[in-house]
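In what follows, a single structure is set out as structure tokens and then discussed.
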Amino acid sequence: MGKRAALATYDKEFSFVSPVVKYLLFLFNLIFWMISLVLMSVGIYARMMKHAEAAMACLAVDPAILLLIVGVLMFFITFCGCVGSLRENICLLQTFCIFLTIIFLLQLATGVLGFVFSDKARNKVSEIINNAIVHYRDDIDLQNLIDFGQKEFSCCGGVTYTDWSQNMYFNCTTDNRSRERCSVPFSCCLLSKDEAVINTMCGQGMQELPYLQAGAFIHTNGCIDKLVNWIHSNLFMLGGIALGLAIPQLVGILLSQILINQIKDQIELQNYNLQHRTDPWQ
């Protein structure tokens with residue numbers, strides 16, 4: 001009765017729902033909703049630009065598919081947040097909050113498990129890289145991504161440069177009639193900064209050379225070790241990125257919970273006022 005009596009003293013125009021919280025949550029979701037539209041557009045465009053046969057051959061390692069999945073998921077979650085905050089809909093806001101909490105917990109669990117089970121995580125990364133090598137020529141986006149990684153980390157293949165024999169075009173078997181037989185991509189090559197024109201055939205026949213001889217022309221170390229070393233050297237930066245991703249999620253969860261509680265209080269106030277207008281004896 002104490003709370004009801006306090007509610008009765010408020011003006012009829014009073015609302016527990018704060019416009020600041022409401023529109024701040026709406027703006028927060030609107031920004032990420034627009035980002036999701038960009039991701040979806042880029043993913044759809046990238047898929048449409050590919051040949052159907054090549055696109056279907058490597059769905060599991062297609063960067064365009066990853067963009068589409070992330071874009072669609074963001075679109076659904078932020079849509080719930082936008083409409084839920086504007087319409088003060090508890091169901092949509094709870095859906096937004098639950099999905100955001102699940103994603104945050106999954107990210108946290110992935111980071112912890114990746115650190116604790118580093119060997120298994122390394123094997124999984126090796127599997128992904130080897131699968132990408134197999135489909136190197138099937139997808140131009142994947143090809144550009146691998147070339148960028150090999151140039152950036154000065155590496156070649158997964159464990160070593162001979163891993164490129166897993167690809168049907170670079171395979172070193174005698175029955176392989178490809179012109180790229182026993183070769184490696186040009187991104188493996190030791191390129192001079194003075195070279196104005198890149199020799200894209202510089203990796204020709206490198207898999208046939210012994211390790212030391214090949215090292216004079218290409219990067220012979222694999223990308224997995226280079227990637228692991230880079231992660232160990234940039235733990236603080238990666239931690240900052242992880243924190244930067246976590247903060248917007250936590251802000252969204254906090255704002256949605258505050259707005260949900262305010263809406264519930266407002267509903268209780270409306271029900272109380274309605275009851276006292278219809279029942280003069282209360």
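Every residue gets a Cβ built from N, Cα and C, even glycine.
Features reported for this protein in TrEMBL:
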TRANSMEM  20-45  transmembrane segment
TRANSMEM  65-86  transmembrane segment
TRANSMEM  92-117  transmembrane segment
DISULFID  CYS155-CYS188  disulfide bond
DISULFID  CYS156-CYS172  disulfide bond
TRANSMEM  235-260  transmembrane segment
| message | Quick test of the contact rule: Cβ under 8 Å, at least six residues beyond the ends. What residues does that give for the transmembrane segment (92-117)? | response | 29, 76-78, 80-81, 83-85, 242, 245-246, 249-250, 252-253, 256-257, 259-260, 263
| Whole-number Å distance between the CA of CYS188 (disulfide bond) and the CA of CYS156 (disulfide bond)? | 5
| said: Excluding near sequence neighbours, so keeping only residues 6 or more apart in the same chain, what lies with its CB under 8 A of CYS155 (disulfide bond)? | reply: GLY149, CYS188, HIS219, ASN221, GLY222, CYS223, ASP225, LYS226, LEU227
| Which of CYS156, CYS172, the listed disulfide-bonded residues, has fewest other Cβ atoms within 10 Å | CYS172
| Which number gives the other C-beta atoms within 10 angstroms of the C-beta of CYS188 (disulfide bond), all protein chains shown included? | 26
